[in-house]
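Engineer: So TrEMBL lists these for the protein:
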| type | residues | note |
| --- | --- | --- |
| BINDING | 13, 14, 15, 105, 106, 107, 108 | FMN binding site |
| DOMAIN | 2-176 | domain 'Flavodoxin-like fold' |
Ligand SMILES: Cc1cc2nc3c(=O)[nH]c(=O)nc-3n(C[C@H](O)[C@H](O)[C@H](O)COP(=O)(O)O)c2cc1C
């Protein structure tokens, strides 16, 4: 199953375009496989509340690491309400073989709706090792090696650390388009080619990785 998450606030979005390209290639290569699409921008998960923290403390205290047993932590109506939000999100994540996250850079990091999803589905000592994680990203500027803004990248770097530290996934793949702001900021108009090149390379990579095995 492919779980495809979108997180851009806009429809005419480069992260959506790259993610859609990956998903189309993945599905074409696996016509019988299931596909679940969730638009976190259109339907954002709520921020976690106190009851969620009590579920989390319980599974940690009782050393529960199998998501199939997390429901044992539900002991009050407030816990049941919190679990009702987590359960469908987590079930999709656990069922997925590949997780595609289309994520723009917002304020050097990930959109709040994606962070809310992460907070809802992440429990202590989880392991999702063996699943493939792919991030389709778009950024207004350029954050690659040697760029002046490289140290400000709390987007790819955050997601890589998060996947490794909380999901035990070390080999997430990132494909994306940079310098999107060159299309709207007159001061960056001279860098439109840079954006076009990175977009074309990202679409090609998304097609090729999505269609691969
Ligand atoms: C709320 C917001 C914050 C943004 N912050 C940054 C930023 O910190 N750095 C950056 O390079 N671009 C930033 N951008 C530009 C977006 O990353 C860029 O427009 C990107 O293409 C958005 O992804 P999308 O095309 O999938 O919507 C921001 C855009 C928005 C709407």
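Along the chain as shown, residues are numbered 1 onward.
Note: Cβ is positioned from N, Cα and C throughout, glycine not excepted.
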Engineer: Using a 10 Å radius around each Cβ and counting other Cβ atoms from all shown chains, which of the binding-site residues 13, 15, 107 yields the largest count?
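Structural biologist: Sorting the candidates by Cβ neighbours within 10 Å, the top entry is 15.
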Engineer: Pick from 14, 106, 108: which of these binding-site residues has the biggest number of other Cβ atoms within 10 Å of its Cβ?
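Structural biologist: Its Cβ has the most other Cβ atoms within 10 Å: 14.
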Engineer: Please state whether DSSP places residue 106 (FMN binding site) in a helix, a strand or coil.
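Structural biologist: Reduced to three states, the DSSP call for residue 106 (FMN binding site) is strand.
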Engineer: For residue 105 (FMN binding site), write down the residues of its own chain that are at least 6 apart in sequence and whose Cβ falls under 8 Å from its Cβ; none is a fine answer.
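Structural biologist: In sequence order, the residues whose Cβ lies under 8 Å from that of residue 105 (FMN binding site) (at least 6 apart) are 137, 138, 139, 140, 143, 153, 155.
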Engineer: Please give the FMN site's span as the largest CA-CA distance among 13, 14, 15, 105, 106, 107, 108, to the nearest whole angstrom.
Structural biologist: 17
Engineer: Once the DSSP letters are reduced so that anything not helix or strand counts as coil, what is residue 13 (FMN binding site)?
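Structural biologist: Going by the DSSP assignment, residue 13 (FMN binding site) belongs to neither helix nor strand, so it counts as coil.
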